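This report refers to the structure that appears directly beneath it.
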Amino acid sequence: MNFKSICLIILLSALIIPYIPQNIYFFPHRNTTGATISSGLYVNPYLYYTSPPAPAGIASFGLYNYSGNVTPYVITTNEMLGYVNITSLLAYNREALRYGVDPYSATLQFNIVLSVNTSNGVYAYWLQDVGQFQTNKNSLTFIDNVWNLTGSLSTLSSSAITGNGQVASAGGGQTFYYDVGPSYTYSFPLSYIYIINMSYTSNAVYVWIGYEIIQIGQTEYGTVNYYDKITIYQPNIISASLMINGNNYTPNGLYYDAELVWGGGGNGAPTSFNSLNCTLGLYYISNGSITPVPSLYTFGADTAEAAYNVYTTMNNGVPIAYNGIENLTILTNNFSVILI
């Protein structure tokens, strides 16, 4: 039995989904092999995915990769943005009901790690701003999750984190925070921006999760909507930031990566994309300016939801994802186009 099969069994055994409309878990990976993940000169993006299906789109592991010559880098910021413009979308997985999600569901996940440095040690929290699609009904719902990556299991309590949502059990001793945001009926083109920003004091981190709809069909928008404002209570904070770090793994062996990736509808489910055409962009705020994340891979690795039949390439300096056989590789070392 291979590693991904073991992970899948663990995830399926943990599914206890309370009946709350649109309540969806977006699982982080877990190191279930018992192997020790040790840091070398830089992280290895291929610990969890070496072949399809994988979360597909664009992601930064904090690595420049020039034909195998790898150089790590670190980005710290208080705000990150994920841009998407979709002109075609249809996904289907006939096995989806086994995971508790609709067969036509899919997600586009904007995932980033919050690093909190305290006098007691370093804590890591996985922030997810997710577009959950019912692709046969042209329905989009925004959902967020927060997971604790500091220990081998994610543990959060209602006294440790508050917001518009709530803490729930994911089974297997894990707890996480989630909130269900607004829903939209869409037509194409559909373009919007995921937005995550944060600030901190000596005893708490404040996270705003939201989006900005740019266009649905022929209607243009432009208003930012923060649908969740989260407080993570943490004593003795020295510093905190949203982090991309190619030098180190999180305390539980995942990545300090930033992901804008397609996957299944939730609960660790994969899906296959029968139709897809979209433009993607990954950005952070530096000195008050929107700045492209420079190097991008074609897949993410922190999330367990994965995709078949998504091929990502560059077109005139811009990442494009459409139907095709996945290639898990470096996409560019020089993303510089500002689409926002």
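Cβ atoms are placed via backbone N, Cα and C, with glycine included.
As given in Swiss-Prot:
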- 1-28: signal peptide (SIGNAL)
- ASN31: N-linked glycosylation site (CARBOHYD)
- ASN65: N-linked glycosylation site (CARBOHYD)
- ASN85: N-linked glycosylation site (CARBOHYD)
- ASN117: N-linked glycosylation site (CARBOHYD)
- ASN148: N-linked glycosylation site (CARBOHYD)
- ASN197: N-linked glycosylation site (CARBOHYD)
- ASN277: N-linked glycosylation site (CARBOHYD)
- ASN287: N-linked glycosylation site (CARBOHYD)
- ASN327: N-linked glycosylation site (CARBOHYD)
- ASN334: N-linked glycosylation site (CARBOHYD)
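Everything Swiss-Prot records as a feature, shown here on the structure.
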residue	record	Cβ within 10 Å
ASN65	N-linked glycosylation site	19
ASN85	N-linked glycosylation site	19
ASN117	N-linked glycosylation site	16
ASN148	N-linked glycosylation site	24
ASN197	N-linked glycosylation site	17
ASN277	N-linked glycosylation site	16
ASN287	N-linked glycosylation site	5
ASN327	N-linked glycosylation site	14
ASN334	N-linked glycosylation site	12
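ASN334 (N-linked glycosylation site) and ASN117 (N-linked glycosylation site) are 30 Å apart (CA-CA, integer value).
Nearest by CA distance to ASN65 (N-linked glycosylation site), out of the glycosylation sites ASN85, ASN287, ASN327, ASN334, is ASN334. With ASN277 (N-linked glycosylation site) as the anchor, the candidate glycosylation sites are ASN85, ASN287, ASN334, and the one with the nearest CA is ASN85. In this structure, ASN327 (N-linked glycosylation site) belongs to neither helix nor strand by DSSP; it is coil.
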